[in-house]
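The next block holds one structure in the form of structure tokens; read it before the comments.
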Amino acid sequence: MATLQDICVAAAINILSAFAFLVAFAILRLQPVNDRVYFPKWYLKGLRSSPKSSAALGRFVNLDFKMYMRFLNWMPAALKMPEPELIEHAGLDSAVYIRIYLLGLKILFPITILTLVVLVPVNWTGKTLELAQFKNLTFSNIDKLSISNIPTGSKRFWAHLVMSYVCSFWTFYVLYMEYKKIATMRLEFLASECRRPDQFTVLVRNVPPDSDESVSEHIEHFFCVNHPDHYLSHQVVHNAVELAKLVEKKNSFQNWLVYYQNKYERNPLNKPTIKTGFWGLWGSRVDAIDHYTDEIAKLSEEEDAERERVIIDPKAIVPAAFVSFKTRWGAAVCAQTQQSKDPTIWLTDWAPEPRDVFWDNLAIPYFELTIRRLLMAVGLFFLIFFFMIPIAFVQSLANIEGIEKVLPFLKPLIEKKVVKSVIQGFLPGIALKIFLIVLPKILMTMSKIEGFTSLSSLERRSAQKYHLFILVNVFLGSVVTGTALQQLHQFIDAPAGEFAKTIGMSVPMKATFFITYIMVDGWAGIAAEILRMVPLVIFHLKNTFLVKTEQDREQAMDPGFLSFATSEPRIQLYILLGLVYSVITPVLLPFIVAFFAFSFLIFRHQIINVYDQKYESGASFWPDVHRRIIIGLIIAQIIHMGLLGASGADKSTTPCLIALPILTLWFYIFCKGRFESAFVRFPLQEAMVKDTLERATEPNLNLKTYLQDAYIHPVFKGSKLDIPVAIDEEENNPLVPTKRTSRQSSIHSFDVHDKSHSS
């Protein structure tokens with residue numbers, strides 16, 4: 001268990017690491033050669049160009065030494081941009097994501113001040129851990145500041161009960177005001193944003209088969225009959241998964257071809273060669289340029305053949321389509337209503353914006369989705385369960401006793417005071433962080449298998465899985481198994497009547513582990529984020545071997561993006577820790593507050609200068625954020641009840657806490673009914689206002705042309721697809737026979753066609 005000295009050593013290591021990262025960043029960002037690494041967003045917007053210098057050295061190194069004196073000016077600059085300008089610059093998703101860090105500060109900063117002033121003196125003067133009956137219990141000076149140091153049956157527990165109520169009601173207030181603010185921001189954003197294809201488009205899935213008509217014809221007939229005044233056009237979805245793989249492979253080969261061509265131009269006397277076997281490790285040696293030229297030619301032929309097959313083959317068309325309407329109002333009505341008396345067919349929902357579409361999953365048959373999600377739910381259960389075993393093993397090795405047991409020859413070195421402090425104060429946190437690196441990719445793959453059709457929904461689903469994993473394995477696993485292992489001898493020797501007391505006093509002692517984890521992940525880890533070491537190295541490698549033109553240099557940039565699937569669950573863990581330990585061990589809270597303040601500064605800078613978001617969902621993720629904070633608050637309240645009961649508090653105190661989870665559930669239901677509709681539905685009134693304003697300001701707008709190519713699969717861009725002809729507004733909706741021969745008396749016997757069809 002980490003002592004106060006160990007915590008100080010860990011703090012020194014992490015603070016020095018964070019400072020080193022920040023200084024390195026401040027210097028590297030000033031160099032002209034790194035300008036596209038640290039300011040890519042401005043290049044993508046066309047508002048920045050490569051620095052020019054008359055001196056040859058000046059193209060690579062900043063020779064203006066006055067700028068080095070102001071190397072920290074990026075900090076006030078990151079805070080200077082007002083929020084409305086930030087929304088216009090980076091989008092609402094990015095601006096609201098930053099507000100999650102601000103929300104953590106709003107909740108925990110006042111709680112930190114209050115609990116340090118009220119509870120720390122109450123805990124410190126308890127002196128329970130120094131009693132002889134607890135001499136076998138492992139504890140540190142930090143634990144004397146926790147609830148474990150309060151005597152059994154003491155009236156002091158009333159202070160903790162009152163603080164639990166204060167923390168809960170303050171959290172209610174902050175969450176309500178933030179939910180109200182974000183809902184207003186979203187509605188204002190949707191009302192003020194420019195015209196986008198997804199405002200007029202609905203994704204239709206599970207189109208029922210028809211023996212007489214193709215999928216495209218069936219869709220056109222259905223919407224001409226049921227939405228005659230608003231239907232405009234539609235684009236069927238093709239199963240182009242194999243074609244996309246060919247295109248990706250071809251692009252990879254083209255990059256290698258450019259690399260070897262550049263290499264040959266630099267050294268014409270030595271023509272590059274490669275081996276044709278696996279990863280170039282074996283096989284016959286051939287000319288690299290000729291090899292990739294031939295491979296690209298073969299892939300081009302395969303690509304053309306596959307593209308032609310996908311376009312012509314009716315089996316390559318899946319029962320789904322993007323249906324566009326003449327007005328936002330018409331799209332809103334269709335997206336938010338049931339289209340058929342059978343609720344399992346003609347399923348409609350708002351279409352993601354074109355860059356948000358995850359095309360691979362559109363080809364999945366709708367009936368498979370339930371089975372896929374059931375299998376992934378079972379898989380997630382086993383992943384969480386089995387991951388607990390290696391995490392517990394790694395944590396057992398990340399302490400003095402574990403290392404001495406596995407590597408006994410290191411005992412003389414480990415017993416040295418400095419080495420011991422580093423191991424106990426730094427190693428547990430870094431071991432856990434390293435072990436969790438691969439997890440987000442596994443969870444994202446599982447979400448893709450589940451069949452979600454947009455990148456934003458994939459990220460939200462992955463975030464949900466990651467949050468559950470962190471909750472069970474990192475928080476509950478570390479608290480329960482970690483503490484139980486550390487205090488195993490005390491648990492075995494304790495009388496049956498004292499067992500509950502031992503649990504009540506041992507659980508708060510895991511605060512020292514979380515302090516080390518917060519410093520590793522939340523201090524040094526966030527500072528490493530701004531340095532962007534991996535993108536820096538990759539950019540210079542591409543710039544050296546692949547870049548010929550300015551366009552190539554722009555493509556070599558990797559601005560990155562906010563990974564909601566991994567970052568938001570981490571924020572939730574820190575909020576959970578703050579809510580849990582606010583009453584138990586308040587000394588942990590300053591470390592969390594420092595994380596939120598530091599992260600707010602770092603990510604605001606990154607959003608302004610670096611990240612280029614892949615999509616814009618209008619902050620549709622906020623209900624998930626709110627719900628997970630509520631879950632954390634309920635967990636904290638239950639733990640507080642359990643600890644007060646296990647610690648032998650006055651019998652009248654514990655029942656007083658039962659009302660808190662009930663109040664929290666009521667608060668969640670109230671906020672859900674009050675605000676959530678703003679994130680899942682688009683008001684018809686707002687849609688009509690935007691439509692009316694657009695007709696007044698742009699009476700000659702050709703919406704059909706604007707939407708024509710919006711939802712074509714990227715692999716078809718530039719090729720001629722058989723796009724369905726839209727209904728002509730000037731046509732008086734003539735009725736013409738369909739191709740059906742067996743159901744002439746049905747409602748589809750006469751449908752709407754334009755002049756080209758009727759002729």
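Each Cβ is built from the backbone N, Cα and C atoms, and glycine gets one as well.
Heads up, TrEMBL stuff is auto-annotated, nobody curated it.
Per TrEMBL, the feature compositional bias 'Basic and acidic residues' maps to 750-759.
The domain 'CSC1/OSCA1-like N-terminal transmembrane' feature in TrEMBL is assigned to 7-178.
Annotation source TrEMBL lists domain 'CSC1/OSCA1-like cytosolic' at 199-361. Averaged across the domain 'CSC1/OSCA1-like cytosolic' (199-361), pLDDT in this predicted model comes to 89.
Taken from TrEMBL, the feature domain 'CSC1/OSCA1-like 7TM region' applies to 372-644.
For 734-759, the entry in TrEMBL reads region 'Disordered'.
Summarising the annotation, TrEMBL assigns transmembrane segment to 12-30 (among others).
Positions annotated as transmembrane segment by TrEMBL: 100-122 (among others).
What TrEMBL lists as transmembrane segment is 157-176 (among others).
What TrEMBL records for 374-398 (among others) is transmembrane segment.
Annotated transmembrane segment per TrEMBL: 418-439 (among others), in sequence order.
Annotation comment: TrEMBL describes 466-485 (among others) as transmembrane segment.
Under 8 Å from some Cβ of the transmembrane segment (571-604) lie the Cβ atoms of residues 18, 75, 78-79, 81, 86, 97-98, 100-102, 104-105, 107-109, 111-112, 115-116, 119-120, 123, 142-143, 145-147, 160, 163-164, 167, 171, 467, 470-471, 474-475, 507-508, 511, 514-515, 518-519, 522-523, 526-527, 529-530, 562, 625, 628-629, 632-633, 635-636, 639-640, 643, all in the same chain and six or more residues away from its ends. Feature annotation from TrEMBL assigns transmembrane segment to 571-604 (among others).
TrEMBL lists 625-646 (among others) with the feature transmembrane segment.
According to TrEMBL, the feature transmembrane segment maps to 652-671 (among others). Same-chain residues lying 6+ beyond the ends of the transmembrane segment (652-671) with a Cβ under 8 Å from its Cβ atoms: 157-158, 161, 164-165, 168, 172, 175-176, 179, 626-627, 630, 633-634, 637-638, 640-641, 644-645.
Within the chain, the transmembrane segment (100-122) has long-range Cβ neighbours (under 8 A, six or more residues past its boundaries) at 145, 147, 150, 156, 159-160, 163, 166-167, 170-171, 174-175, 178, 568, 571, 574-575, 578-579, 582-583, 586-587, 589-590, 592-593, 596-597, 599-600, 603, 625, 629.
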